[in-house]
Structures are given as structure tokens and as C-alpha cells.
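*Asks:* Before we start, here is the structure in question, set down as C-alpha cells.
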Amino acid sequence: MIAEKKYILAIESSCDDTSAAILFNDKVLSNVVASQEIHEQYGGVVPELASRAHQQNIVPVVHQALAMANIDKKQLSAIAFTRGPGLLGSLLVGTSFAKSMALGLNIPLIEVNHMQAHILAHFIADENSARPNFPFLAMTISGGHTQIVLVKGYFDLEILGETLDDAVGEAFDKSAKLLGLPYPGGPLIDKYAQQGNPNAFDFPKPKVDGLNFSFSGLKTSILYFVQRETQKNDSFIKENLYDICASIQHTILEILMEKLAMAVKQTGIIQIAIGGGVAANSGIRARLKEAEENLGWKTFIPKFEYCTDNAAMIGIVGYLKYIEGDFSNQAIAAKARYAIDG
Ligand code: KG4
Ligand code: ZN
């Protein structure tokens, strides 16, 4: 079945961004994101505060998405929402809202897996970016996730590797915190790294079998390094900030690129699609470009607003499921742990 002229309202509330989008088939008409600044002062997301902020944001965000798309809620064909994975209290807000609104409007409800959505964001219609062909490798790198997935079809996904502890964005943010930088520190490490020497300091890379990742050891080694050096010189961080950031970023990128190269070797697939907030990192972009030139890889990075948590990516999955007639019923519940291939 080809779904013609479908308007889909999509809702995302899995972590600390409340987002609503309107799609017209695979085109995004609006994509509103309310980020929660409340967590900054705590240096990380506080689940209870996130849930409360979603409750405050959801109605205005949905209204704004409808207004920006210039459509009335009566024109909607279906409502798609993030069922999981994520923070349960946050997911419950979007799930309950989507269920009630679909019931009130008497239109289909479509549940979406957040991790699938990060990958299928590559299929949002956008004249400036090409779409990967199946099969391809997807690497999702953000504050909550680090995964390499073999994508054989829209809904035929297989996890090849994932983090055993911290996500890569957390590795950036926690390292930044140890250097006294504000949350989220990833973008700052990126900025300072551009002026530093990536080989100034050596941090050990973890030994993890296969395509899995581990970042918690790096955080500990940076902690000991900072403690040791500041004991000798209490302005060590200030005097070496650029070099420290460049060295941390270099180590993280080496870990990511090594695993990607392994995945390419293992599968023989050279199309690689990147998503998640860490895809904004200028270093990873440079490394991927190098791999295109030197190794013949073809890499894909969606527009930045579709990389970070957003409802447009939930909407594209909603549209693809609508075409398949894959709807949910009112008994559906949010799922904090929800495997991409389950
Ligand atoms: O996708 P996202 O907005 O939310 C999550 O699902 O987590 O990703 C946010 C993460 C944060 O850890 C942030 O520090 C990181 O992405 N990040 C970056 C950069 N921009 C955002 N990390 C490194 N370099 C960047 N330029
Ligand atoms: Zn995410």
C-alpha cells in the first residue's frame, strides 16, 4: 500500500528533549524541540525533573508543531510516538499524550523504537542529503547510545556491537566535567581540541572483544591523570586545556574508527550512516571524510537537527510503518529497555 498525502504527528520524549513534528509523507513540515536547561546545574539529566518538564512542555510543543506546519489536528492521519528505550518517567508522558490524542481524534497510533528512529532519520526527504542503500552499517553515537547496527531493510536490523558501559557522548561529557567544563561538555571539548595537539597526552584504549565498546576506563584514567598532574601544578588544566581536549578527543575517535573499520572488514559493507548528537563532532566528520578518500567508504550524516533527539525521526518511522499498516492499540505501554531488533 502506498500512503498518499498522509500527515503524521510525531512525539519524542525519551530523555530530556520534548519534541513534536509534523510530516507530510516523508517530508518534515515542522520539527519543534524544547530542550530542558534545568539539568545543566546538575551536570547530567535528572529523571524526575525531566518527566515534570515534559509534562509542562508537551502541549505547547505539539501546538507549535501544528501551527508551524500550518495544519489543523483534524487533518492528521496518525500519531507516532517514542515507546522506548529511554527514561520511563519521560516516555510515559509522550506515550500517554499520544494515546489520548489518537483516541480523541479516532486515528491510528504508531509506536516507534527510538534507536530505529536514529537510523531511519536518514530516510527523511531532504534534497541536500543522499540516502544510504540497503544493506548499510549505522553507527549511532550520542549521550545515551553507542551502537553499530547492520541495516538490511527498514525493519530488518541487527546489532553488531554496542557499549558495555558509558555511551560515547557520556565519555565526552564526563571527561569535560573532570576538566571543570560545563554540561554538556562534548561541544566544548570539540572546540578546544581544534587548537590543541592530539598526541600531547596518551590515554589507554580499552581492550574490548568484537565490535563492542567500553568508555568507563577512559574516564577513570583521565580522572587519575588530572589528579596526578594538578598535584604537581595546580594550574595544569588551565595551561594545557587545548592539548588535553585534543588528546581525549583523539582517543575517543580512535576507538570509534577502529570499531567501524572492523565492522567494515567483517561485513564487507562500505556504506556507513552516522547519527546521534556526537555526529556533530568536527573530528569524527574529518575522520570519516578521510576514510572516504583513502578507503573508498561512502558515509552519510543527516542534517544536525535530525541527529540529536528530535520528533522528525520518530515521524519518518511512523510514516514507514503507516505504509505497512503496522499500527498499535490503546493497550500499548512505554518500555524503558527496548531492543532495536526485538
Ligand atoms: O543525541 P543527543 O542530543 O542526545 C542524546 O540522545 O544523548 O546527544 C547529546 C550528546 C552529548 O553527550 C553531547 O556532549 C554530545 O552529544 N555532543 C558532542 C558534540 N555535540 C554534541 N560531542 C562531541 N562533539 C560535539 N561537537
Ligand atoms: Zn537518542
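Keep in mind that glycine also has a Cβ here, set from the backbone N, Cα and C atoms.
Worth saying up front: this structure is predicted, and the values here are computed from it rather than measured.
The Fe cation binding site annotation in TrEMBL covers His114, His118, Asp309. What TrEMBL records for Thr140, Ile141, Ser142, Gly143, Gly144, Asp173, Gly186, Asp190, Asn281 is substrate binding site. Per TrEMBL, the feature domain 'Gcp-like' maps to 27-315.
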*Asks:* Enumerate same-chain residues with a sequence separation of six or more from Gly144 (substrate binding site) and a Cβ-Cβ distance below 8 A; give 'none' if the list is empty.
*Replies:* Ser14, Cys15, Gly86, Ala167, Gly169, Glu170
*Asks:* Do me a favour and check the Cα-Cα span between Thr140 (substrate binding site) and His114 (Fe cation binding site); whole Å is fine.
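*Replies:* It is 11 Å, counting Cα to Cα.
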*Asks:* Restricting to the domain 'Gcp-like' (27-315), what is the model's mean pLDDT?
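*Replies:* Across the domain 'Gcp-like' (27-315), the average pLDDT comes out at 96.
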*Asks:* From the centroid of the CB atoms of His114, His118, Asp309, the recorded Fe cation site, which same-chain residues not already listed sit within 8 A by their CB, in sequence order?
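*Replies:* Counting only non-site residues, the set is Glu12, Ser14, Thr82, Met115, Ala117, Thr140, Ser142, Gly144, His145, Gly276, Asn310, Met313, Ile314.
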*Asks:* For Asp309 (Fe cation binding site), what is the secondary structure by DSSP, using just helix, strand and coil?
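*Replies:* Note: Asp309 (Fe cation binding site) is coil by DSSP, not helix or strand.
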*Asks:* Is any of Thr140, Gly144, Asn281, Asp309 (binding-site residues) within Cβ reach of ligand 2, i.e. under 6 A, and which?
*Replies:* Gly144, Asp309
*Asks:* Within the chain of His118 (Fe cation binding site), which residues six or more apart in sequence place their C-beta under 8 angstroms from its C-beta?
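*Replies:* Long-range Cβ contacts: Ala138, Thr140, Ser142, His145, Gly275, Gly276, Met313.
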*Asks:* What does the structure give for the C-alpha distance between Asp309 (Fe cation binding site) and Asn281 (substrate binding site)? Integer Å is fine.
*Replies:* 16
*Asks:* What does DSSP say about Ser142 (substrate binding site): helix, strand or coil?
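*Replies:* The three-state answer is coil.
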*Asks:* Count, for each of the binding-site residues Thr140, Ser142, the other C-beta atoms lying within 10 angstroms of its own C-beta, and report the residue with the smallest count.
*Replies:* Ser142
*Asks:* When the Cβ positions of the binding-site residues His114, His118, Thr140 are compared with the atoms of ligand 1, which fall under 6 Å?
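*Replies:* So the answer is none.
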